[in-house]
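Asker: Okay, handing you the structure first.
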């Protein structure tokens, strides 16, 4: 496994966690909005690990802001990471799979916000809709090479991103901290917030041979929020 992150100091901690599970891991510090760095990361993975079979484009950022207040800088920053980063990952992975002469899997991070646009998360939603479009287009373009391309669409996951989203909603709306998070969790049919393990279960399936006949899909894993 290759783990890529912009923050080099974070890579070591994650690598230790993965190694503790008995897995081989290498790390690479890169800005996924930079095309050259994404290609370099894929090259590093192939050379260090002796192969390359699956690409997971997981990096992303959110922004809570009314549409009327969104700036050109906001648009550029969020799209460069959430959309451009996925594009460069698709390009780098598909090129490497073809060079190695075998099939491969590309797995992109979308969101429930890529199925329904969310108020105050308009730009984030737009980027996640874009990820779905890239996923579908890439699935059609690369199918003949044996490359499948799918996306996973999490819901309300108890991570730092949702802590930040909740805090920003509190600043804008005046709601007490924790209220926005609770409101969304209360709307989940299965009655609890999502965990990272819930998301990992779907990603693991998409990375496995069991998903070989699935491509071009943006699969919801949200406990029952958005229904498609």
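Including glycine, each Cβ sits where the backbone N, Cα and C put it.
Nobody curates TrEMBL annotations by hand; they come from automatic prediction.
Pasting the feature list from TrEMBL:
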| type | residues | note |
| --- | --- | --- |
| ACT_SITE | 124 | active site, proton acceptor |
| BINDING | 5, 58, 124, 128, 154, 155, 156, 157, 158, 159 | NAD(+) binding site |
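Help me see these features in their spatial surroundings.
Answerer: Mapped onto three states, the DSSP output places residue 124 (active site, proton acceptor) in helix. Of all Cβ atoms in the protein chains displayed, 24 besides its own lie within 10 Å of the Cβ of residue 124 (active site, proton acceptor).
According to DSSP, residue 5 (NAD(+) binding site) sits within a strand segment.
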Asker: 154, 158: which of these binding-site residues has the sparsest Cβ neighbourhood within 10 Å?
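Answerer: Lowest Cβ count within 10 Å among the binding-site residues (154, 158) is 158.
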Asker: Would you kindly give the Cα-Cα distance separating residue 124 (active site, proton acceptor) and residue 156 (NAD(+) binding site), rounded to the nearest Å?
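Answerer: Between the alpha carbons of residue 156 (NAD(+) binding site) and residue 124 (active site, proton acceptor) there are 14 Å.
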Asker: If you count Cβ atoms within 10 Å of the Cβ of residue 5 (NAD(+) binding site), leaving out that atom itself, what do you get?
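Answerer: I count 16 other Cβ atoms within 10 Å of it.
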Asker: Between C-alpha atoms, which of these binding-site residues comes nearest to residue 124 (active site, proton acceptor): 5, 154, 158?
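Answerer: If we rank 5, 154, 158 by Cα distance to residue 124 (active site, proton acceptor), first place goes to 154.
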Asker: Three states by DSSP: which one describes residue 154 (NAD(+) binding site)?
Answerer: strand
